[in-house]
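Visitor: Pasting in a structure now, in structure tokens, and then I'll have a few things to ask.
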Amino acid sequence: MSILQLSSSSLSFLSPRKSLSSSPKSPRTIRCSLEGTTVTERKVSATTEPLLLRAVKGEVIDRPPVWLMRQAGRYMKSYQTLCEKYPSFRDRSENADLVVEISLQPWKVFKPDGVILFSDILTPLSGMNIPFDIVKGKGPIIFNPPQSAADVSQVREFVPEESVPYVGEALKRLRNEVGNEAAVLGFVGAPFTLSSYVIEGGSSKNFTQIKRLAFSQPKVLHALLQKFTTSMITYIRYQADSGAQAVQIFDSWATELSPVDFEEFSLPYLKQIVEAVKQTHPNLPLILYASGSGGLLERLARTGVDVVSLDWTVDMAEGRDRLGRDIAVQGNVDPGVLFGSKEFITSRIEDTVKKAGRDKHILNLGHGIKVGTPEENVAHFFEVAQGIRY
């Protein structure tokens, strides 16, 4: 049997459900043919492990699980309404009630296979003695960027139970709400990406400050990287103990490094995180995402993570060949596709799924949903994705 047929004559098993509003809690049976074979999908019982986790393990499943980065956010009218009442991002992301409400907004509408915590990778900074804020229209601002060994010595180790108890509370409640109908996802920032924000004082285009520190005072940067590494190990374990069933590590800015510098300033710390977490939580899937990672794919796999999330600049088929079939992949539809027609969105989903194959693939975008994305197009993405059958 072939992995997947996507020709126009065999799209019957890729046809979306007729109604997105039909409740997944209602018993249903979908039959579709694949080269003479009948596939039957039945209601998932409450005790069945979430589809996303089964996909990571390489189990035989009927379709790829699907969720979208930034699926809870500014493109949703319900989120925009809530922002009018709570205009501060930190107010929204540091209150357990609001975190749960926002995290569940896309779940209630689209029923994704992953429900990710509404938060920010910079959330731990205050607990590490690094004052910051996230300002509308400007993004993150670090008030006193560390510039010396003395400054780095003032950075404290992160204790999530003390600094972000709302994260643990929100994850517990999300797990209770979602059950095993979807996987609850946590996330953290990678050491180099967190260090970049902190040293640059916020977002950056040229990364001049972090590179100046890396190449003129590498010991200072390594000291900061180690503090973030130790803290993120603790934070991942805390999220897992609170209910997260998988955790995504965002190393968004690591691809600003050359391969040789990635091997010094990012790779060792990512490996350290994975090795330490696997010692205490061996069954916790770890997903690694780095934007623009085409030049570093093989090195990302060397971190030991369970899943590499590809951005849209990497051809999915080529990415799978480069990574090998032992590691799961996530992605990687261009988020800009969601501004296209429904037919165009469908074709890109089909292309991605065909190239990924039927084993160890989580369907997602290659980056977060963009501001202004039509909500009805996101609904169409999920409808098509959830109707796919291998």
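Every residue, even glycine, has its Cβ placed from backbone N, Cα and C.
Below are the features I grabbed from TrEMBL:
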type     : residues : note
REGION   : 1-29     : region 'Disordered'
COMPBIAS : 1-27     : compositional bias 'Low complexity'
DOMAIN   : 65-74    : domain 'Uroporphyrinogen decarboxylase (URO-D)'
DOMAIN   : 185-201  : domain 'Uroporphyrinogen decarboxylase (URO-D)'
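What's the neighbourhood like for each of these?
Guide: Non-local neighbours of the domain 'Uroporphyrinogen decarboxylase (URO-D)' (65-74) in the same chain are 50-52, 55, 80, 83, 102-103, 105-106, 110, 112-116, 118, 182-183, 185, 289, 362-365, 367-369, 371, 378, 381-382, 385-386; each lies 6+ residues outside the stretch with a CB under 8 Å from one of its CB atoms.
Tertiary neighbourhood of the domain 'Uroporphyrinogen decarboxylase (URO-D)' (185-201): same-chain residues 67, 114-117, 119, 121-122, 124-125, 130, 140-142, 145-147, 171, 207-210, 213, 221, 224-226, 228-229, 232, 235-236, 239-240, 242, 244-254, 256-257, 265-266, 269-270, 273, 288, 290, selected by CB-CB distance under 8 Å and a gap of 6+ residues from either end.
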Visitor: Take the domain 'Uroporphyrinogen decarboxylase (URO-D)' (65-74) and average the pLDDT across it for me.
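Guide: When the pLDDT values over the domain 'Uroporphyrinogen decarboxylase (URO-D)' (65-74) are averaged, the result is 94.
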